[in-house]
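Colleague: The structure under discussion is supplied below as structure tokens; questions concerning it will follow.
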Amino acid sequence: MGRLLIKILIIAIGISIGIGNLYVTVFYGIPVWKNSTVQAFCMTPNTNMWATTNCIPDDHDNTEVPLNITEAFEAWDNPLVKQAESNIHLLFEQTMRPCVKLSPICIKMSCVELNGTATTKATTTATTTMTTPCQNCSTEQIEGEMAEEPASNCTFAIAGYQRDVKKNYSMTWYDQELVCNNKTGSEKGSKDCYMIHCNDSVIKEACDKTYWDTLRVRYCAPAGYALLKCNDKDYRGFAPKCKNVSVVHCTRLINTTITTGIGLNGSRSENRTEIWQKGGNDNDTVIIKLNKFYNLTVRCRRPGNKTVLPVTIMAGLVFHSQKYNTRLKQAWCHFQGDWKGAWKEVREEVKKVKNLTEVSIENIHLRRIWGDPESANFWFNCQGEFFYCKMDWFINYLNNRTEDAEGTNRTCDKGKPGPGPCVQRTYVACHIRQVVNDWYTVSKKVYAPPREGHLECNSSVTALYVAIDYNNKSGPINVTLSPQVRSIWAYELGDYKLVEITPIGFAPTDVRRYTGPTREKRVPFVLGFLGFLGAAGTAMGAAATTLTVQSRHLLAGILQQQKNLLAAVEQQQQLLKLTIWGVKNLNARVTALEKYLEDQARLNSWGCAWKQVCHTTVPWKYNNTPKWDNMTWLEWERQINALEGNITQLLEEAQNQESKNLDLYQKLDDWSGFWSWFSLSTWLGYVKIGFLVIVIILGLRFAWVLWGCIRNIRQGYNPLPQIHIHSSAERPDNGGGQDRGGESSSSKLIRLQEESSTPSRINNWWLNFKSCSLRIRTWCYNICLTLLIFIRTAVGYLQYGLQQLQEAATGLAQALARAAREAWGRLGAIVRSAYRAVINSPRRVRQGLEKVLG
């Protein structure tokens, strides 16, 4: 009984020691992510040529799942914003399709100024309307104040189809696109001109007369990735801890309108004015989101029925010239809505940014900058024509001033026809240029083809892109229109964040892996995707209990996204194969597959393939332990991020060791190997080995004897032994006669003669062989005896061990039987006593009543 208690105590101690240890556990399907710069792909509801060749059709999936977490957001340093800037530039280039160099046009041209068409009546009308901003002017009134575009008709000679024969050509150019020198001694108005930018860049002509359609796109995360969205009401482009976070698959639909200074057709207009600053405090990069309550719009128009004349210069080179013989009226833009009220609210918000209570809103002024035409003017594209609108009139209207924005030293000249530079107007004059500066790449010029017919664009104004100059606490504050195009995409996409889902996590548990040969089989995957991240804000313990469902959500989402994307790609493969965005869409699909395969390869290297919770044999050696009830997986992963490298290395080493152990275990568990011991062929192999050992030993012994014989032969004959022969007088007294006892001298002589006559070498060989045989026999006998003793001892120990096990089992059975017997007896006694109490209770009650009554 004592031995049994000792054994039970040892087992209990071992179990208690094993329970106290923590081991690394791998979890697959946890809602954790990290920032990513992967290429997103685009969807669009548009069906024009560009949309169908670059984006896949919109699936109208606006699913949004809220997350109970906090996350950092930044609008400008955002990979999604950088992608949008690059992609929209590609859209520009593909829409304009520059393909033919215009280097032949970079020659001297003889130009004559075109005649004007403005009448004195129009000039008088324009002069009488200078005193009011004309908020509700008609189209005729606005066009009456517009000046005429200065243009020239230029002729030049160039070799055409016949290289040795020059041909004269005639084209019409805007004067802003020419660099001219007046001729001396020539006809009046004639001048020598060159096309601008000939010396500093390569100009290209548009092959097709395409134009810029209103295009709306949305960016979508590839499979295995997601978009986080900040929904805080006080979000201003920078939030270290956004509290109202949700996860989406795609962004909202955004417009692709490119402008400078003023944002058009934005998708984030709300009933409040907001100021966004880069990094939360950068005054040079500011977005002012305008209140949609004021209904701010802008209407832009190019008057006249403009026509285009294709001029074939040589084979493969066609230049689209402007066909008119008189000057055209300037284009114009009319700003409509309550701009005064909107600008007043903007001024109040500018004061709140720095908490400048002493500054009057009258000291906050809107300004424009100087530099390239795209920077100094309100620049945008309207149906293929690039408008350059000088904002001085409108800025004077908002600031309630009448000054020349180009400098305070200049006087406002009101003597010239038309309005001067110091008037207030709700509309501005615009120039149209055919040669423009590229807004994305430095110094590159893109040629925009002219459009025929009437042009008009109506847009909503949703933002101002500015730089704020805080001079001092009480001084004037200048709000300067900024030409930074990236602010457009920071405004549109700044509340989104592209993240990569990392569904593999590590945490310590007290469960150690069972290292048996069985493995879990692959499970089927169904359900959706965004619900997978819905558990990001829940505690680790609650999330871990639903890992199977979450991992199914993850893979199902990946497969569904891949299926949708592949179907769209297959439908448009003929169109996608030649476009840059088509390649990016395919790249997004490949990236998702690579990511999923990489995750599965990592799990497989740790022995955790197709497992949602995988226990390991690697001990947890770190002090960090999770709080399963009040810590999210995202918080835990950020806490142990520095330990991931060490943990993965230990997991790989443990898996390699487990593979080796499993291989050995399978060999021991192989019954075919066990029955092979009873095979005669197996034993014949061992017999062969033993026979070879004996033959080798005998061969070595024979070689040793042979070597001894050769050595003796080389030494020569041995000398004869000197034997003393006794005489008859010295014959020993044997107490008898000659016939009784002793050896006669004649017999000794015979033996001596025999010995002397037998060769000594043969005797040595015989003796050596006899001695060797005796030694071998003795050695074999000793080995057999030792082996027999060992076998007897092992059998004895085995019998003793079996006897002890039998006694222990018998003792345990007796103890269990005795304990069961005692427990049963006690239980029976308790039941009997309870039964007696119930049976005897009436009698005891009766006896008690008799005692009381008696």
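Note that Cβ sites are derived from N, Cα and C of the backbone, with glycine treated the same way.
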Colleague: Which one of these stretches, 446-454, 473-481, 644-652, shows up in Swiss-Prot as region 'V5'?
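Modeller: Based on what Swiss-Prot states, region 'V5' spans 473-481.
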Colleague: Tell me, from Cys230, Cys250, which cysteine Swiss-Prot puts in a disulphide with Cys242.
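Modeller: When Swiss-Prot is consulted, Cys242 turns out to be bridged to Cys230.
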Colleague: Out of Asn283, Asn623, which one does Swiss-Prot list as N-linked glycosylation site?
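Modeller: Checked Swiss-Prot: the N-linked glycosylation site annotation sits on Asn283.
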Colleague: Please name the cysteine among Cys300, Cys382, Cys389, Cys457 that Swiss-Prot pairs with Cys430 through a disulfide bond.
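Modeller: Between Cys430 and one of Cys300, Cys382, Cys389, Cys457, Swiss-Prot records a disulfide, namely with Cys389.
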Colleague: Which stretch does Swiss-Prot mark as region 'V3', out of 36-68, 69-101, 300-332, 333-365?
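Modeller: Going through 36-68, 69-101, 300-332, 333-365 one by one, Swiss-Prot gives region 'V3' for 300-332.
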Colleague: Of all the glycosylation sites here, Asn244, Asn295, which one's CB has the most other CB atoms within 10 A?
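Modeller: By the 10 Å Cβ neighbour count, Asn244 comes out on top.
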Colleague: Compared by Cα position, which of the glycosylation sites Asn115, Asn153, Asn182, Asn244, Asn400 is the closest one to Asn283 (N-linked glycosylation site)?
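Modeller: Result: the closest of the glycosylation sites to Asn283 (N-linked glycosylation site) is Asn400.
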Colleague: Output the one of Asn153, Asn182 that, of all these glycosylation sites, has the highest number of other Cβ atoms within 10 Å of its Cβ.
Modeller: Asn153
Colleague: Out of Asn35, Asn115, Asn182, Asn244, Asn295, point to the one nearest Asn153 (N-linked glycosylation site) in space (Cα versus Cα); all of them are glycosylation sites in the record.
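Modeller: Closest by Cα distance to Asn153 (N-linked glycosylation site) among the glycosylation sites Asn35, Asn115, Asn182, Asn244, Asn295: Asn115.
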Colleague: Tell me, how many other CB atoms lie within 10 A of the CB of Asn400 (N-linked glycosylation site), whichever protein chain they belong to?
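Modeller: If we count other Cβ atoms within 10 Å of Asn400 (N-linked glycosylation site), we arrive at 12.
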Colleague: Mean pLDDT, the coiled coil (633-672)?
Modeller: 81
Colleague: From the Cα of Asn182 (N-linked glycosylation site) across to the Cα of Asn115 (N-linked glycosylation site), what is the distance in angstrom?
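Modeller: Rounded to a whole number, the Cα-Cα distance is 18 Å.
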Colleague: Spatially, which candidate from the glycosylation sites Asn182, Asn244, Asn458 is nearest to Asn355 (N-linked glycosylation site), comparing Cα atoms?
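Modeller: Nearest candidate: Asn244.
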Colleague: Rounded to a whole angstrom, what is the C-alpha distance between Asn646 (N-linked glycosylation site) and Asn295 (N-linked glycosylation site)?
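Modeller: Cα-Cα distance, Asn646 (N-linked glycosylation site) to Asn295 (N-linked glycosylation site): 59 Å.
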Colleague: Note down the number of other Cβ atoms within 10 Å of the Cβ of Asn35 (N-linked glycosylation site), including every protein chain shown.
Modeller: 13
